[in-house]
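Below is one structure, written out as structure tokens; comments come after it.
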Amino acid sequence: MKGGDVVSVYSDIKGKCKKGAKEFDGTKIFLGNGISERSRKEIFSRLPELKGIGVRMTDPVYLSPSFDSVLPSYLFLQNLPSAVVSHVLDPQPGEKILDLCAAPGGKTTHIAALMRDQGEVIALDKISNKVEKIKQNALLLGLNSIRAFCFDGTKALKLDTVKDTDGEPPFLPESFDRILLDAPCSGMGQRPNMACTWTLKEVTSYQPLQRKLFTVAAELLKPGGVLVYSTCTVTLAENEEQVAWALKTFPHLQLQRQDPQVGGEGMLGAGLSSEQRKRLQRFDPCVVPSQDSDTGSLGDARIEDMIWLANKDCIGFFIAKFVKCKST
């Protein structure tokens, strides 16, 4: 293969193809055709400085146009549920908001935009290069209300009330009007995902961390404040079970209805009532039955059909909304 050759691109589903192999009969999925930007020798030269595009796709199977670098100071590409989350949080101008696990900053910048950049949005993440990405996105979108810190969210609650941190983490209890906890999770709702290498131990390791973060968030929230918990996974343990645990552990928190309500209701199996499950949003494409739909007639579609389509064509996601009824 030389630069400029027309090539076909496949995904090696089970990760069995050896680097540089000239033939492969294992499990694979066709992704489309393209034009090689590099020769075979260059691609497999192992040069550390070799970066960039290896194959420029000309006939991909998935025909969604790329929005990379399209009006970057005006547009930020998000999955549907990720955009819904910020609307469910419903931040208001002048409020103090905490995004507890904020990187790369899509929801953070959306929150600031919904507040018309009036107020204060605190964004935390414990990985420094991800925090820099939040700052870059805020700068690119011209948002001045965002303050991003490299800080472990599980330690964001300030227990010593003597020393003032001048608005930096950790924070005093009941400091925020609204808090978004878009928690670290197993990410099993992300798609397209051609292969899965997670172990059961990895998948089940997130629940304790999520509970630590939730406990901090509940303490940092003002009375009357809103706490939104979300994940991009589909497991019962990280979603409905966490809601049931939160309602039992924090009696001052009440589960609220959400607006907009686009996703389906919560799953059975965590001990939640039917009414409680209806107050959750679960985006779970894998449970939606196949159905013939004419996308050309969406202009005349019923709202129920639009919701069905939206729920089907997005990543797996979960949202729960709480209000803190009294001070702790």
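Numbers run from 1 along the shown chain.
Each Cβ is built from the backbone N, Cα and C atoms, and glycine gets one as well.
Annotated domain 'SAM-dependent MTase RsmB/NOP-type' per TrEMBL: 1-325, in sequence order.
Positions annotated as S-adenosyl-L-methionine binding site by TrEMBL: Cys101, Ala102, Ala103, Pro104, Gly105, Gly106, Lys107, Asp125, Asp152, Asp182. Counting every protein chain shown, the Cβ of Cys101 (S-adenosyl-L-methionine binding site) has 23 other Cβ atoms within 10 Å.
Annotation comment: TrEMBL describes Cys232 as active site, nucleophile.
A distance of 13 Å separates the Cα atom of Cys232 (active site, nucleophile) from that of Cys101 (S-adenosyl-L-methionine binding site). Note on the domain 'SAM-dependent MTase RsmB/NOP-type' (1-325): mean pLDDT across this stretch is 89. Within the set Cys101, Ala102, Ala103, Pro104, Gly105, Gly106, Lys107, Asp125, Asp152, Asp182 that the record links to S-adenosyl-L-methionine, no two Cα atoms are more than 19 Å apart, and one pair reaches that distance. Every protein chain shown contributes to the tally, and the Cβ of Cys232 (active site, nucleophile) ends up with 23 other Cβ atoms within 10 Å.
The Cβ of Gly105 (S-adenosyl-L-methionine binding site) has Ala123, Lys133, Ile134, Asn137, Ala138, Ile146, Ala148 as same-chain neighbours under 8 Å, each 6 or more residues away in sequence.
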